[in-house]
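Chemist: Sharing a structure, written as structure tokens. Questions coming.
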């Protein structure tokens with residue numbers, strides 16, 4: 001366990017990752033001094049795992065915060081941090097994977113990543129990030145060649161490990177059929193209102209660590225939901241345990257054997273989020289949470305197309321499998 005109280009998880013490749021990380025998606029302060037200071041503050045209060053992506057447009061501010069943290073002595077070495085970034089869909093082509101990773105490294109001012117993930121199981125026509133993706137730009141991903149390029153990134157030392165995000169069991173099976181280096185992580189939505197039981201069991205059987213996003217319902221994001229934070233079941237457990245609803249939700253995820261990333265720019269909540277490892281939910285608590293109605297918050301609508309690989313949410317998530 002780290003000095004900040006966050007347990008370390010050993011991934012199937014042997015590298016160690018903090019069980020809790022700070023997410024950097026959908027900030028209202030993109031590219032601002034406030035965003036950089038929030039990341040710097042997170043390092044100061046004890047966060048050592050940061051989750052970013054090319055699509056989040058937060059890499060540069062995070063890189064500046066890391067550089068400043070080193071200058072201030074908040075950390076002695078970049079090696080104290082675990083940095084995850086993600087390959088955007090427009091770069092999910094065999095010849096663009098390595099250049100995309102190298103661009104992320106330039107943004108972050110780092111020599112290597114700890115973990116590089118394929119952001120979504122779909123490709124787009126090459127090009128810059130756009131607010132609205134034209135439907136005719138959505139393409140099927142060649143898992144074999146794209147994953148081989150991800151493997152090359154690891155072999156060359158630009159990332160210590162590779163994984164995926166938003167992959168279903170079916171899509172993981174297809175990718176792993178030709179993989180030489182298996183994915184160590186699958187980052188997906190998971191919370192008391194989306195248990196992901198089948199996917200968790202599949203990933204556990206294949207030594208893939210689930211990292212949960214949207215643990216609190218992604219409140220504030222366009223696709224967000226209040227279902228977690230307004231849950232009467234979670235509220236009752238929180239009162240009984242002397243914890244917040246957020247802490248109960250996060251603790252539930254951790255007790256399922258998953259790691260997690262959460263986002264807050266509020267210092268008090270940053271500190272609160274770190275304090276989920278000092279007590280356990282009881283078997284009775286877990287049973288109550290198992291009965292919470294299930295629904296998905298994340299939407300893949302922006303990656304659906306009548307002419308693309310996935311025409312419906314059900315096809316994208318393989319929810320009818």
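All residue numbers here begin at 1 and follow the chain in the order shown.
Keep in mind that glycine also has a Cβ here, set from the backbone N, Cα and C atoms.
Pulled from Swiss-Prot, these are the listed features:
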BINDING   27, 51, 165, 187, 214, 216, 264, 269  NADPH binding site
ACT_SITE  56  active site, proton donor
SITE      86  site 'Lowers pKa of active site Tyr'
BINDING   119  substrate binding site
ACT_SITE  119  active site, proton donor
REGION    299-321  region 'Disordered'
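So where do these features actually land, and what's packed around them?
Modeler: According to DSSP, residue 264 (NADPH binding site) sits in a coil region rather than a helix or strand. Residue environment of residue 264 (NADPH binding site) contains 17 other Cβ atoms, counted within 10 Å of its Cβ in all protein chains.
The number of other CB atoms found within 10 A of the CB of residue 56 (active site, proton donor), across every protein chain shown, is 21.
In sequence order, 52, 53, 54, 55, 116, 117, 118, 119, 165 are the residues of the chain that are 6 or more apart from residue 86 (site 'Lowers pKa of active site Tyr') and have a CB within less than 8 Å of its CB.
In the three-state DSSP assignment, the secondary structure recorded for residue 119 (substrate binding site) is coil. When Cβ atoms from all protein chains are considered, those within 10 Å of residue 119 (substrate binding site) total 20, not counting its own.
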Chemist: From the Cα of residue 56 (active site, proton donor) across to the Cα of residue 187 (NADPH binding site), what is the distance in angstrom?
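Modeler: The Cα atom of residue 187 (NADPH binding site) is 15 Å away from the Cα atom of residue 56 (active site, proton donor).
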Chemist: Judged by the number of other CB atoms within 10 angstroms, which among 165, 187, 214 is the least packed of the binding-site residues?
Modeler: 165
Chemist: Could you tell me which three-state DSSP class residue 86 (site 'Lowers pKa of active site Tyr') falls into?
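Modeler: Note: residue 86 (site 'Lowers pKa of active site Tyr') is in a strand by DSSP.
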Chemist: How big is the Cα-to-Cα gap, in Å, between residue 56 (active site, proton donor) and residue 216 (NADPH binding site)?
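Modeler: Between the Cα atoms of residue 56 (active site, proton donor) and residue 216 (NADPH binding site), the distance comes to 19 Å.
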Chemist: Suppose we draw a 10 Å sphere around the Cβ of residue 269 (NADPH binding site). How many other Cβ atoms does it contain, all chains included?
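Modeler: Taking all protein chains shown, residue 269 (NADPH binding site) has 15 Cβ neighbours within 10 Å.
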Chemist: Including all protein chains displayed, how many Cβ atoms other than that of residue 51 (NADPH binding site) lie within 10 Å of its Cβ?
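Modeler: Result for residue 51 (NADPH binding site): 27 neighbouring Cβ atoms inside 10 Å.
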